[in-house]
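*Asks:* Have a look at this one before I ask anything.
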Amino acid sequence: MITFFLLSLTEALRERAQKIAASAANGHTKDATHNEGDKEEPDVVAPTKVIDEQPVLDKVTEHRIRAILYLSVLYGTNIGTITTITSGASNVVFQFVVEDLYGGRAPVDYALWLFFALPIALLGTGLTFVAVVPFFFRCKSPDLGKERSSYVMAAIRRNYAALGPLRFHEVAVLLLFILLVFLWLFRDPMFARGWATYFDPVRPKDATAVMIPVILLFMIPAKPWEGAKSPSLMSWQIVQARLHWSVILLIGSSFAVAEGMRVSGLSQLLGQELTGLGHLPPIPLMICLSIVSTIFSEFISNAAACVILLPVFASLAEDLAVSPLLLMIPTTLASNYAFLLPVGTPANAMVYEHGRLTLMEMVLPGALVKTICMFVTILATCVLGDPIFGMFQEAKWTSAVIKENLNTTVIPDLS
């Protein structure tokens with residue numbers, strides 16, 4: 001959803017910037033942001049003479065700008081997906097698998113995940129910008145000229161000022177979002193007693209925290225000064241029209257597949273087959289499995305990749321007596337780095353179509369960004385993994401779970 005919104009915004013901004021730059025290039029004294037009947041004078045008047053009769057940008061440079069704008073949406077959304085444990089389908093699958101296998105014993109919550117993944121997202125995004133811009137422009141930004149640049153910037157500021165102050169319904173939605181983040185952060189943090197602990201023995205999950213702002217969206221009026229005539233902040237008609245039901249079905253079916261793999265013993269069987277990698281030290285093993293995960297996600301959805309791989313990696317970690325989080329968290333993050341092919345994620349397909357990109361324009365910079373993100377993830381795992389999650393310590397919280405699984409899991413007879 002956020003990808004579609006950003007693509008629409010990028011397309012609108014790009015077209016608007018082209019019109020403004022073309023207006024400046026042709027020496028128009030009237031800004032394109034004003035209608036014919038407007039009496040208000042523009043804040044900045046362009047020169048009356050023609051600045052340049054040539055096109056503002058040549059076709060090659062214009063296509064490169066288009067490509068880098070749309071790819072920036074792709075890279076930003078895919079990298080940003082790792083930031084919170086609820087921001088991506090693969091993260092949700094990880095949370096489900098961990099809760100299903102280990103209950104509340106695993107030291108993973110919203111706050112700890114945020115502290116671990118946010119530095120990765122910020123550093124990965126920054127390095128991506130530093131690497132991708134020179135890739136397209138050979139360390140030289142396209143030059144629009146001093147007059148055109150000042151004209152464009154003035155028009156952008158004027159359009160921003162035209163938005164006006166925040167309205168009531170916008171402020172209300174923002175406050176509900178802040179409430180949701182607060183409920184997630186302090187549901188059951190490891191450093192203090194969370195609000196969910198007051199409801200023991202039935203402890204609310206993250207889904208409960210989500211439903212509180214959702215219910216308020218349907219209750220709070222968008223225009224309270226109109227009384228009973230005011231519509232609510234959200235209506236069921238909007239939900240039916242805008243909600244991506246396919247995403248819910250995809251994630252729900254992924255949970256069913258993961259449960260089937262666990263109950264049937266398939267994940268344990270595959271984990272035993274991978275014990276041949278047990279001779280590798282923990283860090284090289286984590287790197288190998290992360291590479292497997294990110295390659296998997298280029299051909300199937302990252303949620304499906306996590307459904308298949310995470311139970312296997314958990315079983316492998318138990319067999320090798322290492323923390324399951326060491327193998328599961330980096331591989332979950334790596335599954336979000338699908339930058340190479342249009343079929344990798346729905347965001348890839350939308351960017352490929354809207355940006356009218358060639359396959360090589362996705363593959364070459366995508367391989368560079370994937371390498372950067374993998375390096376940052378591995379580095380963060382080595383530096384932050386143990387202080388936050390205890391990845392390189394003995395996972396004593398898995399012992400009781402292993403005993404329970406031995407009593408409940410049915411391993412099929414393959415003879």
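Backbone N, Cα and C define each Cβ position, glycine as well.
I grabbed these lines from TrEMBL:
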- 28-37: compositional bias 'Basic and acidic residues' (COMPBIAS)
- 24-44: region 'Disordered' (REGION)
- 67-90: transmembrane segment (TRANSMEM)
- 110-137: transmembrane segment (TRANSMEM)
- 166-186: transmembrane segment (TRANSMEM)
- 206-222: transmembrane segment (TRANSMEM)
- 243-263: transmembrane segment (TRANSMEM)
- 283-313: transmembrane segment (TRANSMEM)
- 325-343: transmembrane segment (TRANSMEM)
- 363-384: transmembrane segment (TRANSMEM)
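Set these features in their place in the structure for me.
*Replies:* Cβ atoms under 8 Å from those of the transmembrane segment (67-90) belong to residues 2-3, 6-7, 10, 14, 108-110, 113-114, 117-118, 120-121, 124-125, 128-129, 132-133, 136-137, 184, 206, 210, 247, 250-251, 254, 297, 301-303, 305-306, 332-333, 335-339, 345, 347-348, 351, 354-355, 357, 361-362, 365, 369, 373 of the same chain, restricted to positions at least 6 beyond its ends.
Taking Cβ pairs closer than 8 Å, the transmembrane segment (283-313) reaches residues 88-90, 92-94, 97, 101, 250-251, 254-255, 257-258, 261-262, 267, 270-271, 274, 277, 320, 322, 324, 326-328, 330-338, 340-341, 343-345, 370, 374, 377-378, 381-382 in its own chain, all 6 or more past its ends.
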*Asks:* What stretch of 110-137, 166-186, 206-222, 325-343 shows the most Cβ pairs under 8 Å to the transmembrane segment (363-384)?
*Replies:* 110-137
*Asks:* Report, as numbers and ranges, every residue of the chain located at least six residues beyond the transmembrane segment (110-137) whose Cβ falls under 8 Å of a Cβ in that stretch; write 'none' if there are none.
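*Replies:* Distal contacts: 64, 67-68, 71-72, 75-76, 79-80, 82-86, 91, 184-187, 189-191, 206, 329, 333, 364-365, 368-369, 372-373, 376-377, 380, 384-385, 388-389.
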*Asks:* Report, as numbers and ranges, every residue of the chain located at least six residues beyond the transmembrane segment (206-222) whose Cβ falls under 8 Å of a Cβ in that stretch; write 'none' if there are none.
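*Replies:* Those are 85-86, 95, 110, 168-169, 172-173, 176-177, 179-180, 183-184, 187, 196, 230-236, in sequence order.
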*Asks:* Cβ under 8 Å, sequence separation of at least 6 from the ends of the transmembrane segment (166-186): give me the contacting residues as numbers and ranges.
*Replies:* 84, 86, 110-111, 114, 192, 194-195, 206, 209-210, 212-213, 216-217, 220, 222-224, 233
